[in-house]
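Data block below; observations after.
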Amino acid sequence: MDRIIEKLDRGWWVVSHEQKLWLPGGELPHGEAVNFDLVGQHALHIGEWQGESVWMVRQDRRHDMGSLRQVLDQDPGLFQLAGRGIQLAEFYRSHKFCGYCGHPMHASKSEWAMLCSHCRERYYPQIAPCIIVAIRRDDAILLAQHTRHRNGVHTVLAGFVEVGETLEQAVAREVMEESGIRVKNLRYVTSQPWPFPQSLMTAFMADYADGEIVVDKKELLTADWYRYDDLPLLPPPGTVARRLIEDTVAMCRAEFE
């Protein structure tokens with residue numbers, strides 16, 4: 001899976017270091033390896049996009065290293081592969097030594113895994129399951145400003161799934177903890193890999209059941225009901241949060257217009 005890049009190799013290049021992405025000119029590099037001074041570097045083939053290979057290279061380019069969020073407006077498939085590259089680069093960087101015996105590890109040749117020759121332990125990339133839910137009450141949707149979003153963006157509620165918890169239980173718990181309300185009629189919508197740093201978002205829609213909004217100030221700045229045709233600043237297109245909000249708006253329009 002890992003090999004040395006040759007002069008004629010071409011495709012999309014995910015050059016990553018410490019969860020950063022090389023973005024010369026603000027774009028994901030695409031083309032022949034020689035044009036990006038990548039010949040001779042180690043590369044991992046991580047997929048294909050539009051008939052061309054996508055490669056992950058672990059390297060700090062010092063200049064033009066940016067965030068994956070800068071390519072959020074790319075096609076979802078390419079964004080997903082870039083996220084895969086960043087997560088794999090960080091996985092290999094953080095698993096140089098075995099967590100059980102402390103001996104050096106090496107990469108598997110057959111799968112994305114790190115192996116310990118001493119104690120035979122095998123490690124895989126970590127994925128953190130999360131829930132994200134759009135809650136509707138008649139013609140309004142519950143939107144909140146999170147403490148980590150200081151840019152005025154209002155979004156739906158979300159949180160990590162705890163050990164020994166189902167996705168449905170996680171929705172009920174997170175909604176109650178963050179807003180103080182209960183929901184019903186929970187429906188699965190879609191999922192989205194979200195490499196910030198290693199989440200898998202599972203998206204739901206739900207209806208308001210009962211309760212008054214009581215904001216958890218550790219998590220949220222504000223939370224309120226917003227009529228579907230009078231919404232505040234929303235998450236950018238391409239995010240599953242935006243998809244949930246737009247789907248809820250479409251349902252409200254169909255019912256109230």
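For all residues, glycine too, the Cβ spot is worked out from N, Cα and C.
Predicted, not measured: the structure shown is a model, and the values here were computed from it.
Per Swiss-Prot, divalent metal cation 1 is bound by Glu178, Glu219; the candidate from Ala158, Ala203, Ala241 named for the same site is Ala158. Per Swiss-Prot, the stretch carrying the note motif 'Nudix box' among 27-48, 93-114, 159-180 is 159-180. When Arg62, Arg69, Arg150 are compared with the substrate site residues Glu111, Tyr124, Gln192, Pro193, Trp194, Pro195, Phe196, Pro197, Gln198, Ser199, Ala241 in Swiss-Prot, the one appearing in that site is Arg69.
The binding-site residues in question are Glu174, Glu178, Glu219, and the one with the fewest Cβ neighbours inside 10 Å is Glu219.
The residues near the divalent metal cation 3 site, meaning same-chain residues not in Glu174, Glu178, Glu219 whose C-beta sits within 8 angstroms of the mean position of the site's C-beta atoms, are Leu157, Ala158, Gly159, Val175, Glu177, Ser179, Asp216, Leu220, in sequence order. Non-local neighbours of the motif 'Nudix box' (159-180) in the same chain are 128-131, 133, 135, 142, 144, 186, 188, 199, 202, 204, 206, 211-216, 219-220, 223; each lies 6+ residues outside the stretch with a CB under 8 Å from one of its CB atoms.
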